[in-house]
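Chemist: Handing you this structure, nothing more for now.
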Amino acid sequence: MGSKERFHWQSHNVKQSGVDDMVLLPQITEDAIVSNLRKRFMDDYIFAQYENPPHIYALTDNMYRNMLIDCENQCVIISGESGAGKTVAAKYIMGYI
């Protein structure tokens with residue numbers, strides 16, 4: 001997939017605030033994580049809406065395509081507090097695949 005190609009769930013006017021995926025932070029420290037969460041919270045962007053990344057089907061589609069293209073196993077780590085929807089997310093992933 002080319003770098004300019006977009007999925008249907010991606011819009012051209014996606015508001016960016018901090019880093020969506022904290023693995024991509026320049027430094028993985030407590031201060032960096034708290035700072036990123038604070039910035040996203042202050043911009044009212046702490047939770048992703050349906051049209052904005054990360055979306056469970058988009059992540060699953062990307063994982064599935066990489067599995068087929070690279071012929072490598074994939075692992076998805078789902079974390080969160082109690083009641084955050086980890087089990088539901090896992091069901092969506094398994095249903096998609």
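Don't overthink the numbers, they just go from 1 along the chain as shown.
In case you wondered, yes, glycine gets a Cβ from its N, Cα and C as well.
Take a look at what TrEMBL says about it:
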BINDING   GLY80, GLU81, SER82, GLY83, ALA84, GLY85, LYS86, THR87  ATP binding site
DOMAIN    1-97  domain 'Myosin motor'
Chemist: Ten-angstrom check, please: count other Cβ atoms within 10 Å of the Cβ of GLU81 (ATP binding site), all chains counted.
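Modeler: Other Cβ atoms found within 10 Å: 7.
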Chemist: Residues with Cβ closer than 8 Å to the Cβ of GLY80 (ATP binding site), same chain and 6+ apart in sequence?
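Modeler: Long-range Cβ contacts: LYS86.
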Chemist: When you measure from the Cβ of ALA84 (ATP binding site), which residues in the chain that are at least 6 apart have a Cβ under 8 Å away?
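Modeler: The answer is none.
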Chemist: How many other Cβ atoms are found within 10 Å of the Cβ atom of THR87 (ATP binding site), counting all protein chains shown?
Modeler: 10
Chemist: Note down the number of other Cβ atoms within 10 Å of the Cβ of GLY85 (ATP binding site), including every protein chain shown.
Modeler: 13
Chemist: If you count Cβ atoms within 10 Å of each one, which of the binding-site residues GLY83, LYS86 comes out on top?
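Modeler: That would be LYS86, with the highest Cβ count within 10 Å.
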